[in-house]
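Pasting in a structure now, in structure tokens, and then I'll have a few things to ask.
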Amino acid sequence: GTSRQIPQTIIIGVRKGGTRALLEMLDVHPNIVVAATEVHFFDWDENYVKGIDWYRNLMPFSYGNQITIEKTPGYFTSPQAPERIHDMNSSIKLLLILRDPTERVISDYTQVYYNRVESHKPVQLFEDIVIKNGALNTKYKAIQRSLYDVHMEKWLKHFSLDQIHIVDGNTLIKDPLPELQKVERFLNLPSRIMSSNFYFNQTKGFYCIRSDGRERCLHESKGRPHPLVNNTVLEQLYSYFREHNAKFYRMVNHSFDWH
């Protein structure tokens, strides 16, 4: 009695915002099934041309009472994704998980840094990438990805605000349950996720998941220590994002506890 369904909900981003944690935590819910990998259907042209049946075949099997969810963090910053998702299903519900934009930039750098170290490629100090000729390098992709107002504007051209639920990534990591209960309500699902589904792992420094008698933590690539960043550089980043954050808060009628 199962079949592969096109997602009724998509986690559209943001990269390094906590998308994997959100997906894994929602997977605890009996009415949710999740795609195992990032599909990149709506943001990569070479996948999009393969068509909707190719996309559906990458989804897990589900029962009629279950919601299928996929997550691809690249969707949020993709110029094409909003229109393409709207063309597929104009009434879809979208999940967007965000965190402090400066923290997100540093986390973005950290991921690339470790990937380069593991591939024996040369690495640069954070400050050497973020500052060019004494000024903030606003062309740095990691900074561009943190301009939430710029990207949100594109999504609001195709979707109403009540179709997009914003998850606070900073809160999700510190206290998962309230954020997940908000998602349950947004998706009109019965309340099934409980505090007993999570336990704090002292070694890793974040919450791990307990369900069906099994315990699992996010991959070791998650929660890596960030480099210590020069205070002057931090202040430059905070200052640069301040106006963008204020604009974003007005757009979504909600404020966040960001610098």
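Backbone N, Cα and C define each Cβ position, glycine as well.
Here the structure is a predicted model, which means the values were calculated and not measured.
Here's the feature list from TrEMBL:
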- 7-245: domain 'Sulfotransferase' (DOMAIN)
- Lys16, Gly17, Gly18, Thr19, Arg20, Arg99, Ser107, Tyr207, Lys222, Gly223, Arg224, Pro225, His226: 3'-phosphoadenylyl sulfate binding site (BINDING)
- Lys16: active site, for sulfotransferase activity (ACT_SITE)
- Cys208-Cys217: disulfide bond (DISULFID)
Under 8 Å Cβ to Cβ from Lys16 (3'-phosphoadenylyl sulfate binding site), same chain, six or more residues apart: give me those in sequence order, or none if nothing qualifies.
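Set apart from Lys16 (3'-phosphoadenylyl sulfate binding site) by at least 6 residues yet with Cβ under 8 Å, we have Pro73, Arg99, Arg104, Ser107, Asp108, Gln111.
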Counting all other Cβ atoms within 10 Å across every protein chain shown, which of the binding-site residues Arg20, Arg224, His226 scores highest?
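The residue with the most neighbouring Cβ atoms within 10 Å is Arg20.
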I'd like the number of other C-beta atoms within 10 A of the C-beta of Gly18 (3'-phosphoadenylyl sulfate binding site), please.
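Counting Cβ neighbours of Gly18 (3'-phosphoadenylyl sulfate binding site) within 10 Å gives 28.
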Given a separation of at least six residues and a C-beta threshold under 8 Å, show me what packs close to Cys217 (disulfide bond) in the same chain.
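Cys217 (disulfide bond) has long-range Cβ partners Asn201, Lys204, Phe206, Cys208, Ile209.
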Sort out for me which one of Ser107, Cys208 has the most neighbouring CB atoms within 10 A, since those are the recorded positions we care about.
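When each Cβ's neighbours within 10 Å are tallied, Ser107 leads.
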